[in-house]
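Q: Annotated domain 'Neurotransmitter-gated ion-channel ligand-binding' per TrEMBL: 48-254, in sequence order. Here TrEMBL flags 261-489 as domain 'Neurotransmitter-gated ion-channel transmembrane'. Annotation source TrEMBL lists transmembrane segment at 255-278, 290-311, 317-339, 474-497.
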Amino acid sequence: MDMEDMGFRHLVDLVRAADRLSQGASRACTVKKLSSNSGRFANATLVRLSEFLSAGYKKGVRPVKDWRTSTIVAIDLMVYSILNVDEKNQVLTTYVWYRQSWTDEFLVWNPEDFDEVKQVSIPTANVWVPDILINEFVDVGKSPDIPYVYVTHDGLVRNYKPIQVVTACTLNIYNFPFDVQKCSLTFQSWLHTIDDINITLMRSPEELSEDKSVFMNQGEWELLHILSKYKSFSVDNDDYYAEMKFHVVIRRRPLFYTVNLLLPSIFLMVMDIVGFYLPPDSGERVSFKITLLLGYSVFLIIVSDTLPATAIGTPLIGVYFVVCMALLVISLTETVLIVRLVHKQDLQPPVPHWVKYLVLERAPVLFCIHKKHRLCSRLSSQASDMEHYKDNNYGAAAQCTIHHTCEIGRRLSQHEREGDLLRLGLPPSRDPTPPVMDNILQEVTAIRHFLEKRDRCREVAKEWLQVGYVLDVLLFRVYLVAVVAYSITLGTLWSVWQVA
């Protein structure tokens with residue numbers, strides 16, 4: 001039985017050797033037949049090679065001799081330019097250089113038979129091409145048609161082409177304009193399983209990640225790196241498919257938005273803080289704050305078209321603008337309250353005792369308000385001027401002669417008139433007062449009542465003015481602390497995101 005097996009194997013080897021000899025003879029005959037062409041293609045090696053490769057070739061069949069052999073397709077990706085990032089529609093448009101290569105076992109020849117030609121370009125339509133597509137495609141890109149592929153003598157087919165890729169991408173604009181986007185390009189055979197077509201990288205992942213040699217970096221976006229990841233998956237747990245996912249990581253250059261969005265807003269907020277140095281007892285501060293608020297509103301209207309708009313979120317810079325607007329409104333409200341305190345005190349009641357204790361006594365000590373004595377000295381000088389004016393008015397009233405009578409003087413009693421004479425240094429008279437002196441006393445008494453009333457009003461005004469100045473300083477410090485804390489928080493967050 002063993003002898004029979006050995007004989008059978010020997011017979012099989014002889015048959016295979018004869019088959020190879022016949023194939024070599026037929027190939028030699030084919031080459032000889034092709035070389036016997038006459039005319040202008042008699043010595044055209046590439047024509048002979050093209051006819052040799054196309055003879056009997058079936059482009060609709062996967063080019064393997066053993067159907068159990070999987071065709072390995074090596075792919076590569078290089079980003080040339082970032083054309084558009086549409087945040088509203090969540091679409092990324094890029095221009096990439098895509099390369100793929102595979103081995104075609106039916107496109108093999110001996111270079112010695114064709115004048116040492118080791119590679120040739122043939123039409124793409126005449127060879128088998130793998131059906132590898134990008135899963136994220138949402139639109140047909142405007143890509144130039146490359147009608148040829150390169151084929152080497154050992155059957156390696158190289159298909160290089162540029163593609164304008166319009167893909168769907170989940171864009172996160174919360175960190176705008178310091179955002180970093182990560183979009184995926186997934187290459188996968190649409191029909192063939194992993195047993196028929198498998199995917200691999202043409203280069204190592206490290207070389208692919210750091211390669212920026214062809215990227216045009218003069219636009220808004222900067223290419224950081226390209227990450228690659230291979231994965232096999234199954235839809236029905238029966239047939240498995242191979243996919244290669246490229247993560248294109250890009251970062252926005254924020255200089256344009258910083259100059260045109262952030263700096264004007266910061267300047268307006270600084271001017272709002274400077275506006276607190278205007279005297280609160282003047283009406284200029286209210287008009288100044290209203291002008292700033294209107295200017296900021298116009299600024300927001302202008303920049304509304306620049307901010308990215310999505311239905312899933314709002315960028316943090318939009319929240320920043322809204323908070324700045326709210327701070328301006330709070331500043332205007334504080335100014336209105338302070339101006340209300342320091343104006344028209346004649347209509348206000350005296351300052352309550354608890355307000356005097358908290359605002360005029362405790363608050364300056366706790367918050368180190370050093371301008372209180374200056375305010376008091378100013379008000380005291382105003383009070384001394386008022387006393388001097390009152391004394392002058394009394395002296396002038398004692399010397400003037402007025403021929404009209406006053407209704408208030410008629411109601412005075414004789415006792416009040418004698419008291420007025422004593423205050424003026426005149427001896428009281430038991431006789432009826434002469435008409436001229438009666439008129440003088442009536443005028444002097446009316447002036448005295450008026451000045452006393454004005455003294456009381458000025459005392460109330462002085463107290464409310466003190467309260468207004470102290471509250472203005474306190475509210476300004478609180479407002480300044482809130483603005484500084486808000487600015488530091490946003491600056492820290494944006495710095496961390498930019499570094500990350």
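Glycine is no exception: its Cβ is also placed from the backbone N, Cα and C atoms.
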Q: Grab the pLDDT values for the domain 'Neurotransmitter-gated ion-channel ligand-binding' (48-254) and give me their mean, rounded.
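A: Average per-residue pLDDT within the domain 'Neurotransmitter-gated ion-channel ligand-binding' (48-254): 90.
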Q: Would you call the transmembrane segment (474-497) and the transmembrane segment (290-311) in contact, using three or more Cβ pairs under 8 Å, pairs 6 or more apart in sequence?
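A: When sequence-distant Cβ pairs are counted, the transmembrane segment (290-311) does not touch the transmembrane segment (474-497), since fewer than 3 lie under 8 Å.
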Q: Cβ under 8 Å, sequence separation of at least 6 from the ends of the transmembrane segment (255-278): give me the contacting residues as numbers and ranges.
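A: Those are 176-177, 220, 284-285, 288-289, 292, 295-296, 299, 303, 306, 317, 320-321, 324, 327-328, 331, 335, 472, 476, 479-480, 483, in sequence order.
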Q: Could you give the residue numbers and ranges of same-chain residues that sit at least 6 residues beyond the transmembrane segment (290-311) on either side and whose C-beta is under 8 angstroms from one of its C-beta atoms?
A: 87-88, 90, 171, 173, 176, 257, 260-261, 264-265, 268, 271-272, 275, 317-318, 321, 324-325, 328-329, 332
